[in-house]
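Features reported for this protein in TrEMBL:
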{"type": "DOMAIN", "residues": "3-220", "note": "domain 'Radical SAM core'"}
{"type": "BINDING", "residues": "Cys17, Cys21, Cys24", "note": "[4Fe-4S] cluster binding site"}
Amino acid sequence: MSVPAPIAMLAELTHRCPLACPYCSNPLALHGKENELSTETWARAFGEAAELGVLQLHLSGGEPASRPDLVDLTRAAHEAGLYTNLITSGIGLTPARLDALEAVGLDHIQLSLQGTTPELADRIGGYKGGFARKMAVAAEIKARGIPLTLNAVMHRHNLDDLERTIELAIELGARRLEVACVQFHGWATRNRAALLPSRSQTEAAKRIVAEAEARLRGTLAFDFVPPDYYADYPKACMGGWGSAGLNIAPDGTVLPCHAAETIPHLDFDRFPDKSLREIWYDGAAFNAYRGTDHLPETCRSCERVGIDFGGCRCQALALAGDAAATDPVCSRSPDHHKVTALLETALAEGDAAEFTYRRMPRKG
Ligand code: SF4
Ligand code: FES
């Protein structure tokens, strides 16, 4: 099959983060500072990504502002000709740092939102005072006119606040709001019972987003990711494995998606041991699930296979025990009953479930 060039790259600059969100998509085994790539190596990766055809670079983490060299990294990405998007909690972005980021060509900021009140947001983020600091940073971003997306990760504890979330996005001057219902990867799998919304919350969210989208056309654009456990069909995760984007972990491991390391039999290459071109086109992990040939007959004979590519490989492994299986979220999957059973168990525990916060392991 012919392999298209990647469009986007997610650079996980660090796993360090002052927040401790229980739904973090980072792996359970987090990398410490000592494993992070240097400024020069990241800059090389950005240059190679641009040569490979990448257009958009997402500077992410952890909290990318935890890297003291964030301005140098952004400059390097801009000079490589990449559109730069900073994915941040806002903590660590002082006015002076924002000025410097703007000066070196930062194109866009994606600010996370844990909740619409200090009590809720600080409880979910596990960081006291975080909401107040985030609102101050949002005001600085608005004052500078830097294009802003508000990324609201939604779950059972904040979905009832969706209308207020939309109002807040407008107040903060966001052009786009991501209503991103938690996907169960990384730390979210540990917190499934605490985070899973109810079916009625999910239905209400769909109605609220549809109504707001129509009412706010031209003011606020929406990206809505509904909770896929309630869906009939899975999402086209990553737009298809190894077809649109690549992720680089803080230590340089190059991944087809953020959760790919949960598939134990895959061999991952590391940058700069190999070039990004070699890894993208010839890497074993990138080729493992490209296309649809690995999928079972259920998918191969299905009219939706060109739409969702059989769903998410990591979810297929986690729920069906086989990364090549039909994503069990699909109502046509022979494993779909496992999703129904998970839903029932998680909902039964519901409000009684406590958060396990994402924390770096303590040294020594
Ligand atoms: Fe998608 Fe496979 Fe389900 Fe068809 S059977 S909808 S291709 S996951
Ligand atoms: Fe890995 Fe979906 S998160 S393929």
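In case you wondered, yes, glycine gets a Cβ from its N, Cα and C as well.
What you are looking at is a predicted structure, and each value in this text was computed from that prediction instead of being measured.
Over the domain 'Radical SAM core' (3-220), the average per-residue pLDDT in this prediction is 97. Neighbouring residues of the recorded [4Fe-4S] cluster site, listed in sequence order and excluding Cys17, Cys21, Cys24, comprise Leu19, Ala20, Tyr23, Asn26, Gly62, Glu63, Ser89, Gly125, Trp187, Arg358 (Cβ within 8 Å of the Cβ centroid). Here Cys17 ([4Fe-4S] cluster binding site) comes close to Cys24, Gly61, Gly62, Glu63, Ser66, Ser89, Arg358: these same-chain residues lie at least six apart in sequence, with C-beta atoms under 8 angstroms from its C-beta.
Long-range Cβ neighbours of Cys21 ([4Fe-4S] cluster binding site) (same chain, at least 6 residues apart, Cβ-Cβ under 8 Å): Ser112, Gln114, Ile124, Gly125, Gly126, Val153, Trp187, Tyr357, Arg358.
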